[in-house]
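Per Swiss-Prot, these features apply:
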BINDING   GLY148, GLY149, ALA150, GLY151, VAL152, GLY153, LYS154, THR155  ATP binding site
Amino acid sequence: MSTGTVVQVIGAVVDVEFPHDAVPQVYDALEIKSEGLVLEVQQQLGGGVVRTIAMGSSDGLRRGIEVVNTGSPITVPVGSATLGRIMNVLGQPVDEAGPIGEDERYVIHREAPSYEDQSNTTELLETGIKVIDLVCPFAKGGKVGLFGGAGVGKTVNMMELINNIAKAHSGLSVFAGVGERTREGNDFYYEMEESGVLDKVAMVYGQMNEPPGNRLRVALTGLTMAEKFRDEGKDVLLFVDNIYRYTLAGTEVSALLGRMPSAVGYQPTLAEEMGVLQERITSTKTGSITSVQAVYVPADDLTDPSPATTFAHLDATVVLSRNIASLGIYPAVDPLDSTSRQLDPQVVGQEHYDVASGVQNVLQRYKELKDIIAILGMDELSDEDKTTVARARKIEKYLSQPFFVAEVFTGSPGKYVALKDTIRGFKGLLEGEFDHIPEQAFYMAGSIDEVIERANKK
């Protein structure tokens, strides 16, 4: 193990000088024992100097401090010892429950599985959320993105998915909190504890208040733990909240590393950094990783380079809309913008496909008629269009649903709707079976039976 000295500190970026014959490799972990700080090598600048990112606060560092090269990249504990624990980017416990007691450690920088090892699946994963199961169904072993601006419900939707899938699914889950609020991580921990599934979840947090190095690498730490479970032949759920903060952390250190910024100030290596992470989130012939990732959309602009780069890697995209949220319809999923590769008659079946397409057609027609209604009013529409508008408004209302995780805010109990009930309800709406029921009966309802019951009470 060679030793060097700190020669420059610029925020999260630290330059360290080593003897010329013992320069560390890129991604090697260096340790400053006096400060208890780990650095990760990013560049070799020549003359024995390496440029590193600090995996913690660089406050109090000064030139001349001794740095030790560990000789390998950052390693984190993996396996069953991580379940029920909260760890930081280095795999150190932060839940005050004693040491992890790991049997094995993995390096966080690993190759993606080779093509012949990867497997594709068409098995559907039921979520119990009507709008998702209908228009953008998830695949087991697939990658899903929840796209939305600030405050439209990404985290609440993700928590509901965790509630519905992780509890029903007997497998293991890994939750990577990347640059999000500490409060949300705290709530998540207690929620898992209350529901009795804490012993099946490993949690890795690098919150908003942490230096960019932590936020840049914490997603890889969580992914490494998920890969271990997958390689043991298990089916794993990987939740990442929020993938945008991963990009943002890269942007924060990019300029300090001396790279020229690209579009909108993002790092020039944006696509490559996203690819390195996303290509590893995949299912193999031994086990599967099903990932759900929240993606913040800056200024509600889906063409921003960060969300646009993420789109390319996903099997299903759930787009949350501010306009739908402003109507009071939650989950605020846009059924016209959300897509899924699974929405194919050969995968979901002809009936499901026809109902989903029918719902989208009716909503699209309503969208086109809104301008005419705003200018001329409903009376100028043909009878056929009036029927379409009435059904579209009922469909819009019926796409809302009370969530289990929002019970404390809404006061109404959460509802889980099975896929067959979802299809039956929307099929009836399209065929005019429920034209006699007032649209208010459809708002925040579970299955169609509940809607009929409400209408009969009135």
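Note that Cβ sites are derived from N, Cα and C of the backbone, with glycine treated the same way.
Locations of recorded Swiss-Prot features on the structure.
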{"residue": "GLY148", "record": "ATP binding site", "contacts (Cβ under 8 Å, 6+ apart)": "LYS154, ALA294, VAL295, TYR296, VAL297, VAL319, LEU320, SER321, ALA332"}
{"residue": "GLY149", "record": "ATP binding site", "contacts (Cβ under 8 Å, 6+ apart)": "TYR296, VAL297, PRO298, ALA299, ASP300, LEU320, ARG322"}
{"residue": "ALA150", "record": "ATP binding site", "contacts (Cβ under 8 Å, 6+ apart)": "TYR296"}
{"residue": "GLY151", "record": "ATP binding site", "contacts (Cβ under 8 Å, 6+ apart)": "ALA325"}
{"residue": "VAL152", "record": "ATP binding site", "contacts (Cβ under 8 Å, 6+ apart)": "LEU320, SER321, ARG322, ALA325, ALA332"}
{"residue": "GLY153", "record": "ATP binding site", "contacts (Cβ under 8 Å, 6+ apart)": "LEU320, ALA325, TYR330, PRO331, ALA332"}
{"residue": "THR155", "record": "ATP binding site", "contacts (Cβ under 8 Å, 6+ apart)": "GLU180, GLU184, ASP241, ALA294"}
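DSSP assigns GLY149 (ATP binding site) to coil, not to a helix or a strand. Excluding GLY148, GLY149, ALA150, GLY151, VAL152, GLY153, LYS154, THR155, which define the ATP site, the same chain contributes TYR296, LEU320, ALA325 within 8 Å (Cβ to the Cβ centroid), listed in sequence order.
LYS154 (ATP binding site) counts 27 other C-beta atoms within 10 Å of its own C-beta, drawing on all protein chains shown. Classification of LYS154 (ATP binding site) by DSSP places it within a helix.
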